[in-house]
Amino acid sequence: MFSNANSRSKMWLLLTMASLISVLGTTHGFFGKLHPESPEVTMNISQMITYWGYPNEEYEVVTEDGYILEVNRIPYGKKNSGNTGQRPVVFLQHGLLASATNWISNLPNNSLAFILADAGYDVWLGNSRGNTWARRNLYYSPDSVEFWAFSFDEMAKYDLPATIDFIVKKTGQKQLHYVGHSQGTTIGFIAFSTNPSLAKRIKTFYALAPVATVKYTKSLINKLRFVPQSLFKIIFGDKIFYPHNFFDQFLATEVCSRETLNLLCSNALFIICGFDSKNFNTSRLDVYLSHNPAGTSVQNMFHWSQAVKSGKFQAYDWGSPVQNRMHYDQSQPPYYNVTAMNVPIAVWNGGKDLLADPQDVGLLLPKLPNLIYHKEIPFYNHLDFIWAMDAPQEVYNDIVSMISEDKK
């Protein structure tokens, strides 16, 4: 019921904005475009990579439970194609409501995937089930409820092992470097603490804006904890949560590129995680908005609401002791124990991060048995780690150096 109402509201807003731009657009350039539309707005991942002159390989990884995930590879940079020897493998995993485009949305000198490729590394970009590039299954249609019956539990249990196994076999290398952002760190914590054989394949875990518990989060996700599951499903349905659609594309290309509305759109995009317009390139806003949000399941978002409410890092609560016993052989969902993860880990977090709150990160750090590096950037919010103009200086150069040192 509410989902249809939301769709109608979006359409009315779209028509209203279009009319407003049409009427006022000729008045003193009030709604004039700040810059030409970025070509990447309408591109897929492979096209975005090759647009900047980088080699691209696109693969499909099939998980044990039938989900088909697009995985992209940048085997080398623009200036080091002549080196035919084995290169260190780096796997980048995006965060909540995002996709692999996060790592290539800025200019090449500001995008982590391109920076790593130019540094001589073999770069792989993953996608989590349910996003724009991972919305197929061998057994279920994305129109079915069954397709969307997953949360970050399944991403950790099925998506990460399948993708990492594929990369290891394809490259012939026994280990890789794992870079996770946001929920990408969450599924890393789960997978590498519960799957010892998988953990052995990780040389180093680079955690950007890490999320385990969300007890102190100030994000809008905090408000979801007040919504019971029955009402949650009435409001959001029981399938996809916030897919990218025509309305979002219209916002990216026709609304948010306008001079007067640019800052408004910037704040709307970053409100979940924290925002500082000084930190990112506003000329890339249309690229960010044209590929985000990339969607996830309603069940995944409800899992996050459970995490906020409980303040614990644990598996999805199926709603009753009987249901939980069916899934876990116990009446309560099990807790995830990050102390069991022996993978070397380097952590970066932001002092202004509304989602990965510094207090939650402070609870996490002492539990990591093999913490090799930690840096808190006081002025960083959640998305600065993937899009900030100074991210190379604050984060990426350190990652490149650490991987380089590990080669010796």
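Including glycine, each Cβ sits where the backbone N, Cα and C put it.
Sequence annotations record features per position, and here TrEMBL assigns active site, nucleophile to S182. Sequence-distant contacts of S182 (active site, nucleophile), defined as residues of its own chain at least six apart whose C-beta falls under 8 angstroms from its C-beta, comprise H94, G95, L96, A98, L208, A209, V211, L355, A356, H382.
If you look up TrEMBL, you'll see D353 (among others) marked as active site, charge relay system. When secondary structure is read from DSSP and collapsed to three states, D353 (active site, charge relay system) falls in the coil class.
Note on H382 (active site, charge relay system): other Cβ atoms within 10 Å of its Cβ, all shown chains, come to 28. For H382 (among others), the entry in TrEMBL reads active site, charge relay system.
What TrEMBL records for 88-387 is domain 'AB hydrolase-1'.
TrEMBL lists 1-29 with the feature signal peptide.
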